Amino acid sequence: MNSLIFGKQLAFHKIVPTTAIGWLVPLGNPSLQIPGQKQLGSIHRWLREKLQQDHKDTEDKDFFSNNGILLAVPKKKVSHQKKRQKLYGPGKKQLKMIHHLNKCPSCGHYKRANTLCMYCVGQISHIWKTHTAKEEIKPRQEEELSELDQRVLYPGRRDTKYTKDLKDKDNYLERRVRTLKKD
C-alpha cells in the first residue's frame, strides 16, 4: 500500500510517468517477491532522493528534458497545401488516373471496364420501380360513397410546409451526373 501511494506521488511530481507506476507496486511489497530474490530497497532510496532533490529545487523540471526521448506529436494543423502535396505528390501514394474506361454497349456512355454503366443501372431501377408499384385497391363500401361523404368520413392528411419540402426531392438531392457519350 505504501509503495502505491509513493508511486502516485512520483507521478504527481513528474519524476516517473504514470505509465511506469505499474512496475513500482510489487517492488515495495515483500509478500509478492520470490523468497530467493534480493530486496530492491536501493531503487526506493534512489527515488526518494530524487523526490527530495526536486523539493529542494524551486525549478519545475520535466522528466523528458535531456532524457533522449523525443515525443512525435503534431504541433499544428496540416495546411490545405500540404494535404494536396501528399495527395498528388510523387510516389505510390499519388492518385492514379483511370485509364480503364470503355464505351457502354447499350447506351454509348463512358463506363469503367468490367463494371455496369451507372446510367443503365438507373434506368433499369426506374423501370422496376414503376412496374412493381402496386395500385391501391379500394374497398366496395368506399366506391359507393359520394365525394362529400368521403371527405367527412376520411378527412385525410394536410401536408405541412416541411413535408411538402421533403417531397420535393429535386431541391435537396443531387442527381448522378450523366457521363459523356463516347464519340
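Any Cβ shown, glycine's included, is placed from N, Cα and C.
According to Swiss-Prot:
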TRANSIT   1-71  transit peptide
BINDING   Cys104, Cys107, Cys117, Cys120  Zn(2+) binding site
Which same-chain residues, if any, lie at least 6 apart from Cys107 (Zn(2+) binding site) yet have Cβ under 8 Å of it: Cys117, Tyr119, Cys120, Gln123
Remaining residues near the recorded Zn(2+) site, that is with C-beta within 8 Å of the centroid of the site residues Cys104, Cys107, Cys117, Cys120: Pro105, Ser106, Gly108, His109, Lys111, Leu116, Met118, Tyr119, Val121
Cβ-based isolation winner (fewest other Cβ atoms within 10 Å) among the binding-site residues Cys104, Cys117, Cys120: Cys120
